[in-house]
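Trainee: Found this in Swiss-Prot, in case it helps:
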BINDING   Gln11, Pro12, Ser13, Gly19, Asn20, Gly147, Glu148, Asp149, Val186, Lys195, Met196, Ser197, Lys198, Ser199  ATP binding site
BINDING   Asp135  L-tryptophan binding site
MOTIF     12-20  motif ''HIGH' region'
MOTIF     195-199  motif ''KMSKS' region'
Amino acid sequence: MTKPIVFSGAQPSGELTIGNYMGALRQWVNMQDDYHCIYCIVDQHAITVRQDPQQLRKATLDTLALYLACGIDPQKSTIFVQSHVPEHAQLGWALNCYTYFGELSRMTQFKDKSARYAENINAGLFDYPVLMAADILLYQTNQVPVGEDQKQHLELSRDIAQRFNAIYGDIFKVPEPFIPKSGARVMSLLEPTKKMSKSDDNRNNVIGLLEDPKSVVKKIKRAVTDSDEPPVVRYDLKEKAGVSNLLDILSAVTGKTIPELEQHFEGKMYGHLKGEVAEAVSGMLIDLQERYHRFRNDEAFLNQVMKDGAEKASARASQTLKAVYEAIGFVAKP
């Protein structure tokens, strides 16, 4: 029986955070035995906002080394860089012609990013969800792990696939969202009602995977809790968002359940909780960074992983693009 195909990707813009790791990357690693996993570094999406060319090259290799350090195995998964497989852009253009202006106008992420990058509201930013649809549909993907911020884009990908199939027959698999059994939703350290984001301008909200562990300890010790007297370490997302966030992080790193942690911290101060979170997270990062530097310093190996990954991805992508071009009525290249 063939394994279901899973596609996911991350932009090489901005350093990945413990939120990316606990909420996504760790799930990706765990899926490798049961799914045919295709993981992409989406550098073409990254240029919808201005990038420094040297920094983009560096960030792409950094992201690849981080994927590997987190446990993504090129023997089990297809790992590649988006711009190395031209079929993504080619299918993206074709799908543009089956996507309506009004649909793209309704995308909330476009509205958010337009406000944030008001000086550079480019067509690529508007059209981003169509390229994302191409990324997914190229590989006849069965399931896509998505966070809240990308659910709307996956819905659009499904709509485009169904619209195209209604005209031309079953060319595309219609992808389903993959909802992991468990995946920590890591919140901002100082504003625990909003998600930790690698693009947050206030770096005290964020813990980067490549950050100095000493700086991480300081940030966690400054994290928001609450002013209850006496302090009570209890999981309550509504009333105690900061404490709940720290418990979620500690649970994700140690594998202990929330009830076990609540019992452990009964009668203890918030300082005890912060101390244990800081110790657990910094210990995890020291191990991860050691693996990261080993991969990052071996560019020959990274180049081989990218080359092999692009070849594997292209073999699958070219079949889908050929079927699409044939369905549309393009003359085959002699």
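Including glycine, each Cβ sits where the backbone N, Cα and C put it.
Explain the structural surroundings of these features, please.
Mentor: Residues near Ser13 (ATP binding site) in space but far in sequence (CB under 8 A, at least 6 apart, same chain), listed by position: Ala46, Val49, Gln51, Leu56, Ala59, Ser199.
Look at Asp135 (L-tryptophan binding site): DSSP puts it in a helix.
Cβ atoms under 8 Å from those of the motif ''HIGH' region' (12-20) belong to residues 41-43, 46, 49, 51, 56, 59-60, 62-63, 66, 184-187, 195-199, 206-211, 249, 281, 285 of the same chain, restricted to positions at least 6 beyond its ends.
With a cut-off of 8 Å between Cβ atoms, the residues of this chain six or more beyond the motif ''KMSKS' region' (195-199) that come close are 13-20, 148-149, 185-189, 205-208.
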Trainee: Through the lens of DSSP with three states only, how would you label Asn20 (ATP binding site)?
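Mentor: Helix, per DSSP.
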Trainee: Measuring Cα to Cα, how far is Val186 (ATP binding site) from Asp135 (L-tryptophan binding site) in Å?
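Mentor: Val186 (ATP binding site) to Asp135 (L-tryptophan binding site), Cα-Cα distance: 26 Å.
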Trainee: If you measure Met196 (ATP binding site) to Asp135 (L-tryptophan binding site) at Cα, how many Å is it?
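Mentor: Cα to Cα, Met196 (ATP binding site) and Asp135 (L-tryptophan binding site) are separated by 25 Å.
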Trainee: Take the motif ''KMSKS' region' (195-199) and average the pLDDT across it for me.
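Mentor: Taking every residue in the motif ''KMSKS' region' (195-199) and averaging pLDDT yields 83.
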Trainee: What Cα-Cα separation, expressed in whole Å, is found between Asn20 (ATP binding site) and Asp135 (L-tryptophan binding site)?
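Mentor: Checking the Cα atoms of Asn20 (ATP binding site) and Asp135 (L-tryptophan binding site) gives a distance of 20 Å.
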Trainee: Secondary structure at Val186 (ATP binding site) (DSSP, helix/strand/coil)?
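Mentor: Assignment for Val186 (ATP binding site) reads coil.
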Trainee: Just to be sure I understand, if DSSP states are collapsed into helix, strand and coil, how many residues of the motif ''KMSKS' region' (195-199) fall in each?
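Mentor: Per-class counts: 0 helix, 1 strand, 4 coil.
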